[in-house]
Amino acid sequence: MAGDSDYDTEIPELIEASDSADQSKRVPLTILTGYLGAGKSTLISHILTKKHGHRIAVIVNEFGDTADIERRAVNVGDQEELLELDNGCLCCSIRDAGVAAIAKMMRRKGKFDYIVLETTGLADPSGLAEMFWENELYIPDIYLDGVVCVVDAKNVLEQLDSDSRRSANECVRQIASADSVIINKQDLVSESALAEVRDALNAINATAAVHLTTYGVLDLSQVINLNAYNSVSKEVKSNSSGNHDKHNHDDNHSHSHSNTHLFGISSVQVPLPMLTQEQYGTLDKWLRSVLWESTLPCVSTSSADMEILRSKGVVSVQGVVYILQGVRDMYELKAAPAEQTQTQAQTQIHKGKIVIIGKNVDEALFTSSLTRFLGI
Ligand SMILES: Nc1nc2c(ncn2[C@@H]2O[C@H](COP(=O)(O)OP(=O)(O)OP(=O)(O)O)[C@@H](O)[C@H]2O)c(=O)[nH]1
């Protein structure tokens with residue numbers, strides 16, 4: 001896993017592989033986000049009351065004082081006990097409390113097999129995602145499974161738009177960080193309104209899976225065990241075989257460009273051919289430049305206002321498939337599970353794709369930068 005921007009001044013510690021790296025022995029954690037009133041608590045109560053065979057510890061982050069957090073954190077007992085973290089609404093202020101509370105909770109390991117962390121309606125979940133991803137090193141018993149965002153079908157367009165002059169408000173950021181988006185309150189909107197909501201979500205985050213619910217009633221598999229940081233989502237994979245010629249942007253792209261101006265945040269997709277081993281090393285350098293230094297190589301336009309929240313991708317290197325996963329400036333490139341490489345080989349599809357979700361990201365510039373840097 002790659003890390004901080006001061007990478008060139010600090011020698012990273014090498015972490016030895018151990019049993020804790022074995023995902024099957026660790027407890028997955030889902031971050032549940034969504035704007036005020038979207039239906040997060042309704043969804044949680046559905047999860048906590050539905051019989052599904054999972055023992056889920058839910059952490060609710062509410063406003064309050066931190067003394068209370070400590071008291072409640074050590075009181076986690078029964079298999080589905082609600083743990084409320086009364087804290088501020090900023091990610092940074094829940095950082096320590098969140099990790100400390102979960103570390104304490106892990107002493108009860110065995111009483112639960114899954115953790116769902118509900119954020120406040122105004123939280124930017126990318127900071128939390130980064131923290132938990134990084135904390136795999138410090139709380140090795142936990143791994144980040146994915147970020148799920150609940151949106152209010154009736155009000156989301158207004159919520160996305162209301163603050164657009166400030167660009168990239170909380171609601172936009174929550175959708176941008178999600179691996180799975182739950183469009184809730186389906187009962188309150190028409191089919192055509194729903195289509196508009198889907199379009200807006202797709203413009204912000206083209207890679208998240210989208211599900212529809214009323215009163216948070218859903219199949220638990222839409223929320224837990226997404227394995228989002230260890231695999232390539234269908235959405236990233238699906239376009240990797242075609243549709244995108246490297247010099248040709250399709251209609252979807254121009255659509256997302258126009259919405260960038262509306263929402264501040266959008267997804268860009270850069271298709272890749274099969275790479276040589278050398279080009280793979282060059283891609284790694286490009287990622288460091290973009291994610292660690294906010295600099296797009298080989299293009300003259302300033303990328304100073306660029307802010308990357310999420311990166312994903314699939315890369316084929318002489319027949320071997322690699323997965324890119326990233327949150328903010330952290331990223332990881334690793335070989336895909338064997339079955340995925342086999343599928344790729346069988347289908348003779350060797351193209352890949354890099355997807356970047358963020359603020360002020362321009363698809364034409366990203367494409368130009370990466371293709372020139374790779375010499376393709
Ligand atoms: N009509 C309708 N109302 C819903 C639905 N889901 C939730 N609600 C109502 O919407 C309101 C807000 O739901 P919550 O679950 O509290 O939302 P939340 O995201 O936890 O809200 P915050 O804690 O403020 O961030 C409640 O009155 C719910 O009963 C739905 O699918 N349809």
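Glycine is treated like the rest: Cβ placed from N, Cα and C.
Small disclaimer: the values here were computed from a predicted structure and weren't measured.
Noted in TrEMBL for the protein shown:
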COMPBIAS  243-254  compositional bias 'Basic and acidic residues'
DOMAIN    28-210  domain 'CobW/HypB/UreG nucleotide-binding'
DOMAIN    305-373  domain 'CobW C-terminal'
REGION    235-259  region 'Disordered'
Taken over the domain 'CobW/HypB/UreG nucleotide-binding' (28-210), the model's mean pLDDT = 73
DSSP residue counts for the domain 'CobW C-terminal' (305-373), split into helix, strand and coil = 21 helix, 33 strand, 15 coil
